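First up is the structure itself, then whatever we jot down about it.
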Amino acid sequence: MAVEMFYDADADLSIIQGRKVAVIGYGSQGHAHSLSLRDSGVQVKVGLKEGSKSREKVTEQGLEVDTPAEVAKWADVIMLLAPDTAQAEIFTNDIEPNLEDGNALFFGHGLNIHFGLIKPPANVTIGMVAPKGPGHLVRRQFVDGKGVPCLIAIDQDPKGEGQALALSYAAAIGGARAGVIKTTFKEETETDLFGEQAVLCGGTEELVKTGFEVMVEAGYAPEMAYFEVLHELKLIVDLMYEGGIARMNYSVSDTAEFGGYLSGPRVIDADTKKRMQDILKDIQDGTFVKRLVANVEGGNKELEALRKKNAEHPIEVTGKKLRDLMSWVDRPITETA
């Protein structure tokens, strides 16, 4: 099924320019949205709790900052860009008491609306504007006169103006320069979670760790195993990112290409596909989100235990040692203390 696409010519920037926008959160996406909205002539304030370390940064970058409740009271369009697990509490405590008839509540990801963790009143427009790239890229492309493709979706539209408003917002952060794709909260949420769990984070991580274990258990040096299954992964992913799977296969050696065709289906087979389908089902029926909520309500104990177990894997020890030799690799704060 073909998607519906929109560009700058389809968007009316004056719509969002005539509104007051509160951006709650100033992380990767929050700073990109806020600065680009301002540069597009939109009235914008940032909502951060008292004592937030980001407040000084917001002020230094020339934006107004106040508490989430105060900016929600001031605005008629609220973009909630806090972490998924914090959004329901922010909505209940700070946003919902300040919503008025005709306000719009926007999100950068559909999880809380799609799974009913946030239940907004019927007289409020509920929409989503989700750039398909990290915040620093969204901002850099905007400054360069370009843009990152965006998704838009409308879940609730009491006044029939939701799509035009979302498209105007997307244009104000540069999305319509590249292309805006119309989707639904259901489609964005379920595809995003599946991609993260089965392929991008969960699937790739376990593939790398298992490959490392197989090589080390066969007697190969951990350093050699690390280079072959983790370090070189970036080279392959970059080729796929730039030109798809065909570009990657064209660029690697014939030996690598031929071996990949033969062995790839032995690693990822029909049984793997069935388990991936089971993961998708757990996402669709809410099983995953119930566990996510239980983890948060339990003080993140399950997440912390999983993090600890993962950090203790031998590939992490080997990787830290090898990255000390790589002056060109940006080092995370956890490795520079």
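Note that the numbers count up from 1, one per residue, in the order the chain is shown.
Glycine is treated like the rest: Cβ placed from N, Cα and C.
What Swiss-Prot says about this protein:
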| type | residues | note |
| --- | --- | --- |
| ACT_SITE | H109 | active site |
| BINDING | Y26, G27, S28, Q29, K49, S52, S54, D84, T85, A86, Q87, G135 | NADP(+) binding site |
| BINDING | D192, E228, E232 | Mg(2+) 2 binding site |
| BINDING | D192, E196 | Mg(2+) 1 binding site |
| BINDING | S253 | substrate binding site |
| DOMAIN | 3-183 | domain 'KARI N-terminal Rossmann' |
| DOMAIN | 184-329 | domain 'KARI C-terminal knotted' |
Of the recorded positions listed as S28, T85, Q87, H109, the one whose CA lies nearest the CA of D192 (Mg(2+) 2 binding site): H109
Chain-internal residues near K49 (NADP(+) binding site), provided their CB is under 8 angstroms and they sit 6+ positions away: T67, P68
Binding residues Y26, G27, S28, Q29, K49, S52, S54, D84, T85, A86, Q87, G135 (NADP(+)) - maximum C-alpha distance in whole Å: 21
For the binding-site residues Y26, S54, Q87, D192, E228, the one whose C-beta sees the most other C-beta atoms within 10 angstroms: Y26
Residues satisfying Cβ distance under 8 Å from S28 (NADP(+) binding site), sequence separation of at least 6: P134, G135, H136
Those binding-site residues listed as T85, S253, and which of them has the most Cβ atoms within 10 Å of its own Cβ: T85
Proximal residue to E196 (Mg(2+) 1 binding site) among recorded positions Y26, T85, Q87, H109, E232 (C-alpha distance): H109
Pairwise Cα distance for S54 (NADP(+) binding site)/H109 (active site) [Å, integer]: 21
Predicted model, mean pLDDT over the domain 'KARI C-terminal knotted' (184-329): 97
The domain 'KARI C-terminal knotted' (184-329): DSSP-derived helix, strand, coil residue counts: 122 helix, 0 strand, 24 coil
Cβ packing number for E232 (Mg(2+) 2 binding site), 10 Å threshold: 11
Cα separation, Y26 (NADP(+) binding site) to E228 (Mg(2+) 2 binding site) (Å, whole number): 37
E196 (Mg(2+) 1 binding site) CB neighbourhood, other CB atoms within 10 A: 13
